[in-house]
Amino acid sequence: EALLGRGTSAAAVAIGGNVATVATSSPGVAAVAAVPPGKGEGVRGLGDRSLWAGARVLLAASGALRCAGTEGSVSVGGAVVVEEQPDVSAVLSAYNQQGDPTLYEEYYSGLKHFIECSLDCHRAELSQLFYPLFVHMYLELVYNQHESEAKSFFERFHGDQECYYQDDLRVLSSLTKKEHMKGNETMLDFRTSKFVLRISRDSYQLLKRHLQEKQNNQIWNIVQEHLYIDIFDGMPRSKQQIDAMVGSLAGEAKREANKAKVFFGLLKEPEFDVPLDDEDEEGENEEGKPKKKKPKKDNVGSKSKKQDPNAPPQNRIPLPELKDSDKLDKVMNMKEAARRVRLGPECLPSICFYTFLNAYQGLTAVDITDDSSMIVGGFADSTVRVWSVTPKKLRSVKTAADLSLIDKESDDVLERIMDEKTASELKILYGHSGPVYGTSFSPDRNYLLSCSEDGTVRLWSLQTFTCLVGYKGHNYPVWDTQFSPYGYYFVSGGHDRVARLWATDHYQPLRIFAGHLADVTCTRFHPNSNYIATGSADRTIRLWDVLNGNCVRIFTGHKGPIHSLAFSPNGRFLATGATDGRVLLWDIGHGLMVGELKGHTDTIYALRFSRDGEILASGSMDNTVRLWDAVKAFEDLETDDFTTATGHINLPENSQDLLLGTYMTKSTPVVHLHFTRRNLLLAAGAYSSQ
């Protein structure tokens, strides 16, 4: 077959006079692209300087290898293929082999007629071709300067495209001249990443036969040049099954992309002895919570959990050692957990809403410490403001001159170094030179991260309320940042379409995660800190391995940019929210979509699971907080081998049964949600008067 050699040892494919050979040792699928003669240089060795120059690193096993040049051959066998960001002019020149411009409308409407008249079971699958073909045919006309034909082609067929492509089509309609195509990013993405379609073998054979009989070479060339058809054996998918999964900038994910093993289990908690309650001194109550009599419990910390079979090895990535203060905090945490409310459909959490009033500075980000003692707001006026939400005021360390007077041997030296005179419930941190889009407290509450439109991520000390470091790596706005659950590491994502992993003591990133085709809009650490999830404006979610920087999952299905991510506390599931107002649920181990929660009418900016994972809370621009039954959403999932192999997902239509409650604010979009250690839900947002 011209497009796919399945399990062959060498597939030599002749396309339009060029022969490209791909040797494949894996039983995977090798996709071969036709290449205009004389374009060498697609695949380079790993030792090359080009590795970080925007290079995409593809694992050969994942299938899609691009061969450039007539003699281009790729040796595979556990090797890594580095694919350069293609040069724009090289990419565009693929449009030179054009057909008769006046016939484009005829070609397209001929195919449209064929697909609409085909059997129902094939029609849904083949309809996926409409959008990518429409875009490429339009661009081909524009590139070859047939402006009037392009305009009429666009006007005649753009109304047929699915509604979720409206924004892309708006960008496309502004490209009317060859010159426009040179610098347009969206355009380049579309050109350089092959659009992935998942089609059953029967439907594919039908299409191939039709195009060959008609001698409709123009369309066949585009299919070969610009599309990647992932063929599976079995029943064609239904319209609902396809609709659930499509909508991203580059079509669906290849099935190969979600095959890698992911260690989604949790790391074992360290063991340490917990003092009995009689020894509880007031000094331990750092949190400023009133002291209550606690039930007697011996050695709470020593309940050794057995190693989770799906967990990564403890030392897979180096994690910071626990300090004494961390152990103390863990003890507090366990005591709080003992009083935790068991949530469920019968027992919903109380919700406490923090409304930012008169926030004319423009609230752009919020975070709350794990122990719910502090709340931070990032604002469009480039300030970061930290509030104490307990009666305890925020104190900073005294000046150096005052510190020298303190008796360092005294028992309460830690109290004495704090300056009571400047204690207040609000501290304002100045330093950024643009709106602050993301904030994150470190788990030990000593540090605070903020990221901004100015392209930097700043680390602030919560002891002195000053800036310690400015991390410069992104050259464009940074949309989100988050500390690892173990501290030390943090992740940032921005307009430059990559996410970066940092450690607080390195001024350069440790990992760069490249692969998204548009801005990285949100970032989240997996509870075991071995993986990072990123959501993007290309409408996909990717899961990255911190150890080696590989992309191990690509989830498609959202119809708009992703703005919120939340891992379930057991590490098995991921919930994502986007501008399309849907919350999608994913099984990380199997790499499958397992649920869709419909109800919100606007962008979902906040998602949080309750501490034991029974309830998922979502907060949206539609001024509501909704609570969903997470236990029911994830029970008896159909993740048999067939589903995993073909991606035939059957989403239950039970959003309404899963919705446990909807809570309206007066006029406050919800930008952050947080469950306290006792499962009280805290929500935050800025009141908007319009």
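Using N, Cα and C of the backbone, Cβ positions are placed for all residues, glycine too.
Taken from TrEMBL as is:
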{"type": "COMPBIAS", "residues": "274-285", "note": "compositional bias 'Acidic residues'"}
{"type": "COMPBIAS", "residues": "297-308", "note": "compositional bias 'Basic and acidic residues'"}
{"type": "DOMAIN", "residues": "99-227", "note": "domain 'TFIID subunit TAF5 NTD2'"}
{"type": "REGION", "residues": "274-326", "note": "region 'Disordered'"}
{"type": "REPEAT", "residues": "356-397", "note": "repeat 'WD'"}
{"type": "REPEAT", "residues": "429-464", "note": "repeat 'WD'"}
{"type": "REPEAT", "residues": "471-502", "note": "repeat 'WD'"}
{"type": "REPEAT", "residues": "513-554", "note": "repeat 'WD'"}
{"type": "REPEAT", "residues": "555-588", "note": "repeat 'WD'"}
{"type": "REPEAT", "residues": "597-629", "note": "repeat 'WD'"}
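If you look at the repeat 'WD' (597-629), the same-chain residues 6 or more away from its ends with a CB under 8 A from one of its CBs are 337, 340, 342-345, 348-349, 351, 353, 560, 563-570, 575-579, 581-585, 655-675, 677, 679, 681, 683, 685. Across the repeat 'WD' (471-502), the DSSP tally of helix, strand and coil residues reads 0 helix, 19 strand, 13 coil. For the repeat 'WD' (471-502), the list of distant contacts is 319-320, 434, 437-444, 447, 449-459, 508-514, 516-525, 527, 529, 532, 534, 536, 544, 546: same-chain residues at least six beyond its ends, Cβ to Cβ under 8 Å. When averaged over the repeat 'WD' (356-397), pLDDT in the model lands at 91.
Look at the repeat 'WD' (356-397): DSSP puts its residues at 0 helix, 22 strand, 20 coil.
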